[in-house]
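Visitor: Okay, handing you the structure first.
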Amino acid sequence: MFPQATGPAVSLSSMHGVSLRLGLPLSSHPSFSSPSSSSVTSFGDKKRGYGFVVSASTETSLAQTGVIFKPFEEVKKEDFMIPISRQISLARQRYQDECEAAINEQINVEYNVSYVYHAMYAYFDRDNVALKGLAKFFKESSDEEREHAEKFMKYQNIRGGRVKLHSILATLSEFEHAEKGDALYAMELALSLEKLTNEKLLSLHGVAAQNNDPQMTEFIEREFLAEQVEAIKKIADFVTQLRLVGKGHGVWHFDQKLLHEGDGVF
Ligand SMILES: [Fe+2]
């Protein structure tokens, strides 16, 4: 299939019913040379007319070191075959289906939380609600959750999985509560959502651990877990402060601080 004379390559057997091949432009690579070189390692099925030859070292260096260097011996293994089909990721390696599905579920979680925060932003931005600080806070929170979804999307593609977006659930559009008022009610809901998100992240981490995927567990830890507990603490503080100030003027004051002084003052 790939005559040695026109570019050494290895044609490999099928994997998952898809024809695969490994083609290496050996002739142009300084690590490879023709069989006339002084020291060569060859493999592949020469009886079938293909195979490739690796020049690992010269006879002189071999004699000096006693080391036989066979850099591409291992690539003959099925694990390292490179798919031809455009339907299959070339990069995917040791990425289990269960991990791929769990990442897609987490993308959905992040989008749903973003959607709820977006609804809160729209509510507090109304002229007859007019709590601009809370509107700003929930707008930023919505954007942040969407960024989280996108971060998981990017990760899915890095690992050779496929992003599948699921349905987003309809959310509340009214946040008024007779006893708590709207600000406290919305903030308590936000705290519950952040805790739920944390549960989902920990479950995702568990899936990665069960599938022996240390790169994925490290990614979740590095990018999400620390930030998530910090978000829970911040919103828990807000809930406590809103409980202290009650409704009316206290909420207005809380909102003004949120609007003008940023998160750092809390
Ligand atoms: Fe998030």
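In case you wondered, yes, glycine gets a Cβ from its N, Cα and C as well.
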Visitor: Per TrEMBL, which of Gln87, Gln228, Gln241 sits in the Fe cation site along with Glu110, Glu145, His148, Glu194?
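Guide: So the Fe cation site in TrEMBL includes Glu110, Glu145, His148, Glu194 plus, from the candidates Gln87, Gln228, Gln241, Gln228.
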Visitor: An 8 Å radius from the center of the Glu110, Glu145, His148, Glu194, Gln228 Cβ atoms defines the neighbourhood of the Fe cation site; name the other residues of that chain inside it, in order.
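Guide: Everything else in range on the chain: Val109, Val113, Ser114, Glu144, Thr197, Leu201, Phe224, Ala231.
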Visitor: Run through the Cβ atoms and count how many others sit within 10 Å of the one on Glu194 (Fe cation binding site).
Guide: 22
Visitor: If you skip the near sequence neighbours and keep only those at least six away, which residues in the chain come within under 8 angstroms of Glu110 (Fe cation binding site), Cβ to Cβ?
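Guide: Glu110 (Fe cation binding site) has long-range Cβ partners Glu145, Arg146, His148, Ala149, Phe152, Thr197.
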